[in-house]
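Below: the structure, in structure tokens.
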Amino acid sequence: MGKNVVVLGTQWGDEGKGKIVDLLTDQAAAVVRYQGGHNAGHTLVIDGEKTVLHLIPSGILRDNVECLIGNGVVVAPDALLREIAKLEEKGVPVRERLRISPSCTLILPYHVALDQAREAVRSEGKIGTTGRGIGPAYEDKVARRGLRIGDLFNPERFAKKLHELLEYHNFVLQNFYKVEPVDFQKTLDEALGYAESLKPMIADVAARLHELRKQGARIMFEGAQGSLLDIDHGTYPYVTSSSTTAGGTATGSGFGPLYLDYILGITKAYTTRVGSGPFPTELFDDIGAHLASKGHEFGSTTGRARRCGWFDAVILRRAIEINSISGLCLTKLDVLDGLKTVKLCVAYRNAEGVVIEAPTDADSYVGLEPVYEEMPGWSESTVGIKSLAELPANALAYIKRIEALVGAPIDIISTGPDRNETIVLRHPFA
């Protein structure tokens, strides 16, 4: 029987999941997105050519790999079709290999308007949303009033539901946020205009996954964002609106947890975060600026600069627990090349003493200071190294210390952005 693997982020997103999914799909029959929307930004570098994907699974650049968008994803049809067009310009036959669940909730213009209006009026406590309508679309889904992709193929029903929704949302936009309403007819015409382009790609994704399972095919599930942004387990309220942990795989695809064989957690060799929210190891000095510059820490979706800090074993231990991580992939090790010393956060400290467990909400991080272990750095370059034996001794010691601190094996080490710049110690599909 085939093996089924989940790849997800263990920090606050931007860990390098796209590259690893692309690398591992040489042995997969299908890749599935199961949560999030086009707020994700997965960067792939293949033979020096960079591709950024937002909605389409990262397996799309591998010939003959099926790419599936599960019911847990919220879809902006205009953004999806633009992404398809860009890939087709590069000669990628997207429409032949992409299948989308009709149960995906749609992101429509009023979701974007609400998202941006809310963030604009927050005087403090800004969430740091991408402003792309993700949160409001999930709100409609949970409130059981969301429009789904399948609704596009029944124009009369779609128009009726849209009219009711716009009455509600426009009232909020005009009376609470004091902004212009969203036009019904324009929204209706645009949405129904997408139906013809999307229809050939619509399929029962859950049924297809179980077909593949029965055939013994290998399936990969590609997470977006990171575990500490999970709506339930993240640094609430500075989180995304979907289930970014391994549990979201089942609910967002219709593929039960019993069939998942290996969960790969992606973690940077340091820590980053975009937008607001707690970040105990954040650096405001030259080292932080160095990590941001050398690591090219700018969001692939928003272009926003990422906050940078030392590696945090406390949050990684929590991510390992809530995801049942089988093994880790350590990315961007090369960014630490040249530093005289490197630090790892092993615990936090507050007025009451030492804290070894990650808090369960943002407010509980207030007053926490990191407790660091310091290790010697390495002057040698790790860029492009493909075997453990070639690593500098101090870099290897750093890796081994992370394994000891978090209690999980590091099975893959990324030493550069290209898919070939990788050390694979244990293949998830093996």
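Backbone N, Cα and C define each Cβ position, glycine as well.
What Swiss-Prot records for this protein:
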{"type": "BINDING", "residues": "13-19, 41-43, Arg306, 332-334, 414-416", "note": "GTP binding site"}
{"type": "ACT_SITE", "residues": "Asp14", "note": "active site, proton acceptor"}
{"type": "BINDING", "residues": "Asp14, Glu15, Gly16, Lys17, Asn39, Ala40, Gly41, His42, Thr130, Arg144, Gln225, Thr240, Arg304", "note": "IMP binding site"}
{"type": "BINDING", "residues": "Asp14, Gly41", "note": "Mg(2+) binding site"}
{"type": "ACT_SITE", "residues": "His42", "note": "active site, proton donor"}
{"type": "BINDING", "residues": "Ser300, Thr301, Thr302, Gly303, Arg304, Ala305, Arg306", "note": "substrate binding site"}
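Location within the structure of each feature annotated in Swiss-Prot.
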residue: Gly13; record: GTP binding site; contacts (Cβ under 8 Å, 6+ apart): Ala224, Gln225, Gly226, Leu229, Arg273, Val274
residue: Gly16; record: GTP binding site; contacts (Cβ under 8 Å, 6+ apart): Thr43, Ile266, Lys268, Cys329, Thr331, Lys332, Ser414
residue: Lys19; record: GTP binding site; contacts (Cβ under 8 Å, 6+ apart): Thr43, Leu44, Val45, Thr331, Ser414, Pro417, Arg419
residue: Arg304; record: IMP binding site; contacts (Cβ under 8 Å, 6+ apart): Val274, Gly275, Phe298
residue: Leu333; record: GTP binding site; contacts (Cβ under 8 Å, 6+ apart): Ala269, Thr382, Ala395, Ile399, Ile413, Ser414, Thr415
Site of maximum Cβ density within 10 Å, from binding-site residues Asn39, Thr43, Thr130, Thr415: Asn39
Asp14 (active site, proton acceptor): nearby binding-site residues from Asn39, Thr130, Gly303, Ala305, Cα cut-off 10 Å: none
Thr130 (IMP binding site) and Arg306 (substrate binding site), distance between Cα atoms, whole Å: 13
Rounded inter-Cα distance in Å - Ala305 (substrate binding site), His42 (active site, proton donor): 16
Distance from Gly303 (substrate binding site) back to Asn39 (IMP binding site), taken between C-alpha atoms, in Å: 12
For IMP: widest Cα to Cα gap among Asp14, Glu15, Gly16, Lys17, Asn39, Ala40, Gly41, His42, Thr130, Arg144, Gln225, Thr240, Arg304 in Å: 34
Per-residue Cβ crowding (10 Å cut-off), top of binding-site residues Gly41, Gly303: Gly41
Neighbour count (Cβ, 10 Å) for the residue listed as 'active site, proton acceptor': 28
Count of other CB atoms lying within 10 Å of the CB belonging to His42 (active site, proton donor): 25
Entry from the binding-site residues list Gln225, Ala305, Arg306 having the most other CB atoms no farther than 10 A: Gln225
